[in-house]
Structure formats: C-alpha cells, structure tokens
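**Q** Below is a structure I'd like to ask you about.
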Amino acid sequence: MEGDWTSERRPMDSEIGDQVVKKMVEETKTKRVESLDIFRGLTVVLMILVDDAGGKWQMIGHAPWNGCNLADFVMPFFLFIVGMAIPLAFKKIPNWALGSKKVIIRTIKLIFWGLILQGGYSHAPDKLTYGVDMKQIRWCGILQRIAISYLIVSLLEIATKRAMPKDFLLDRRSVFRVYCLQWLIAACILVVYLSVLYGTYVPDWSFTVYNRDNPDYGKVLKVSCGVRGKLDQPCNAVGYVDREVLGINHMYIHPAWRRSKACSENSPYEGPFRKDAPSWCQAPFEPEGILSSISSILTTIIGVHCGHVLILRKRHLDRLKHWFLMGVFLFVFGIILHFTNAIPLNKQLYSFSYVCLTAGAAALVFSLFYVVVDILGIHYLFLPFKWIGMNAMLVYVMAAEGIFAGFINGWYYDDPHNTLIYWIQKHIFISVWHSTKVGILLYVIFAEILFWALVAGICHRFGIYWKL
C-alpha cells in the first residue's frame, strides 16, 4: 500500500511543480506590482521597529561605525524601491517638460517635510514643544536624501527615455545596453565619490559643545587629523565636506558613533562617555550628508535598473533570473570588499561595499516577494505590509516620526510623563512581561506596527492615501 500511495502522489507533485513553472514562464499581464507595495510596507515597518525598539535591542539598531545591522538596510531599501518605481511612473511620458515639472514639485514636497520632521522643528514624541533655532537647523535627513536621489535619477530617466523598437531582441545584455548612459553616469558618480573620499585632505578641526546637560557645555574641543584617505570617525572626508559646506552647527547631534567602544562605557548601548573618550565622541556628524548622499544615488540607479527589467522582460522567469543573479553578485561582492579590508561596510559613509551589499539584499528580498505574491498569488499573509506600503507617507510621519504619539502625549494628567502611551507601555507590556526590553519590543509590534497597519487598511478601504 505504501508503494502504491507513493506512486500515486508523484504525478500530483509533478503537476503542482509544472503549474508553478508555467506561471513563472508565462507572459505577465499589465497590473499593479503588489510585491513592490509589500516591500515598501516592510521597509516602513523595519524603520518603526529599529527606531523605537533599537535602543533596547542594539543588534537591530544602527552599527556604531563599520558593520551592517538590520537598521542599516532601511535607507537603501527605501532608495531601491524609489528607483524601481521611477520607470513605472515614467513608462509613458507625455512630454519632457511635464515630467520634469512633476519631479521638481515632488522633490520640493519631500524636502519640505524632511525639514519639518527632521530639521529640528518637530520635537515629537517626547517634548511638547516645536520650533527650531535657524542657527542650528539640520538641513539633511531621510526625506531630503530620498528627494535628492529621486530628483537626479528621475531627470536622468526622463532624459534617456526613448521608444523601444518593436522587433528589439532582449538578450542578457540588452537591458544594460538600452540604458547604458545611466550606467555611465553611475560610474562617474562612483569615481567622484571615491576620489573625494580618498583624495581629500582633512585638516584639524574644532567644535563647540552646545548640549546644556554636558559638563563641557560651551567649551571648544579640538580634533587632530591632518591626514588624507582615512575612513575612521574623526578624519574622514564625508564629515569634512559636511562641516565645510553645511556648517557643523547644522549636522546631526546624536551620531551612532557615540555608542562605539571608544566613546561609550556601555557600548554598543549609548551611555556615559568614557573618561578617556576622545573629543570627537561629542561632535556632530551627518549620516545623510552631501558626499554620502551622492553615493546613495547608486542604490537608486540599481533600483531603476530592476524596474527596467520589470518593464522590458515579459516573463516571470526572465525577470527573476536577472534580479536574482544581480542580487547575489552585488551581495557577495559587498561582503568580499568588507572582509578583505578593501572597503568596509559603513552606512554613515555610504561606502561602495555598503551600496553593493544592501542593493543586492534589496534585489533578493524583492525577488522573494515577487515569487510569493505576484506569481503564486499568496496575498493575505502580507496584507498589513501592503496597506502600510500603499500609505507609506502617512505611517512614516505619524508612526516613525512620532507625530501621532506626540499628539497623544500632549494630553497628560498632572505630569507630562503621565500619558496614555507611557501607561500602556508600563502596565500592559513592561509589567506583564517583567522586562523592559521585551515589553518595549512587544509595544512597538502591537501598539505601533499592527495599529498603524489597521489604520492604513481602513484608509485603503475608503480610498484614502497620502501622496506627494
């Protein structure tokens, strides 16, 4: 009986496998790519998770300097997704002027919201105040970096867009060949970035401590450099360019390097500075600065290429081969560069190895979602991600940037720390689990991520979306 049962099952297994292969090789119909929405939603979820729980779970927070933790994949994933969406958005461009106008207006909106949310104007969710001293406004941020990459790559896409011949034969090299100008621009960007990074002389510099809680408040601290081509915290060209162009008072005042072993007594957690901590531990550093943002354009261009593959390749299998092979190559190449000490993985510098590894990971993750969702049709497991991805700006502003939490904290009883949010954290999550780490993690998952997934789902049900 056992042998008969096996022989009967084999044809069924074979039929299932044939059906999957058939779906992969068949030509696709024009429809919304749900896997891209889901991937975008996952990235927003990761941002909320690492921002609000990363302080207690440092293995998912940003690496203090060299290295790549879970949080360090968020920005490249966003840029990759923006890149993939660009060819879809400009698939049919009425005219160059209209397309360029659309790009410029959206760029201005992104920069505006970036300055409001991360420039220092909003103090949510912990402080019930707003406003920023223009002498210390932070010019750069997440949305500003996305805006710069979107502007440059979109205008490049519009400028290089041309009609495809009907009899064009798509071999393995054709997608690269059609958009070879974009890859030439990418190569020029890489050359400029590496030339400035390794060729710029970084002199000694100084800064004033503006933190009133710091015993060194008001003091001018000096940092000794006088070197060229170094990639350490105090003497790299990325920080030097930002100090010279932006001004040191307009840079991020809580850089991740404060958690490094040289600075923090509780490394990799943030804590009191070591008694022998070097002066640069207290200095600002801009993780979304000028030179690193130039390098980040490469991630968006790689995303654009994957979008081109989505449009030009008509069969699922052809698309997946391209994405998978490119993803594996980039991921492995990034690892090799890091572990051979050629170019370290570094999110703060947006190093070339970091570009390769994170863009490769993005291509692989998207490929997985594409197989499961767009080919196999398994949608319901990922509905929360899809809802968030279709209303990413709403969830980013309200949850990731803490605007909604700041609004709730504005209604307190007797003491500003006696709010509904603090009560829920303490009595429903932390006290029940008798652990601050576990309680905060569960609070973020259930009271933030799932809550905003439901809100985004309701908005989707009624066709409400926040689009720029």
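Placement of Cβ uses the backbone N, Cα and C atoms for every residue, glycine included.
Bear in mind that TrEMBL entries carry predicted annotations, made automatically and left uncurated.
Look at TrEMBL and you will find 33-50, 70-91, 103-122, 142-159, 180-201, 290-311, 323-340, 352-382, 394-413, 440-459 tagged as transmembrane segment.
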**Q** With pairs restricted to those 6 or more apart in sequence, evaluate whether the transmembrane segment (103-122) and the transmembrane segment (142-159) have 3+ C-beta pairs under 8 Å.
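**A** Between the transmembrane segment (103-122) and the transmembrane segment (142-159), contact is present.
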**Q** Between 33-50, 290-311, 394-413, 440-459, who has the most Cβ pairs under 8 Å to the transmembrane segment (180-201)?
**A** 290-311
**Q** Short question: which residues 6 or more past the ends of the transmembrane segment (70-91) have a Cβ under 8 Å from it?
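**A** Same-chain contacts beyond the ends: 33, 36, 39-40, 42-43, 46-47, 50-51, 54, 59-63, 99, 142, 145-146, 149-150, 153-154, 157-158, 161, 288, 296, 299-308, 310-311, 347, 354-355, 358-359, 361-363, 365-366.
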**Q** Other than its close neighbours in sequence, what residues sit by the transmembrane segment (394-413), given a CB gap under 8 Å and a spacing of at least six beyond its ends?
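**A** For the transmembrane segment (394-413), the nonlocal Cβ contacts are 44, 47-48, 51, 113, 117-118, 122-126, 128, 388, 419-422, 448-449, 452, 455-456, 459, 465-466.
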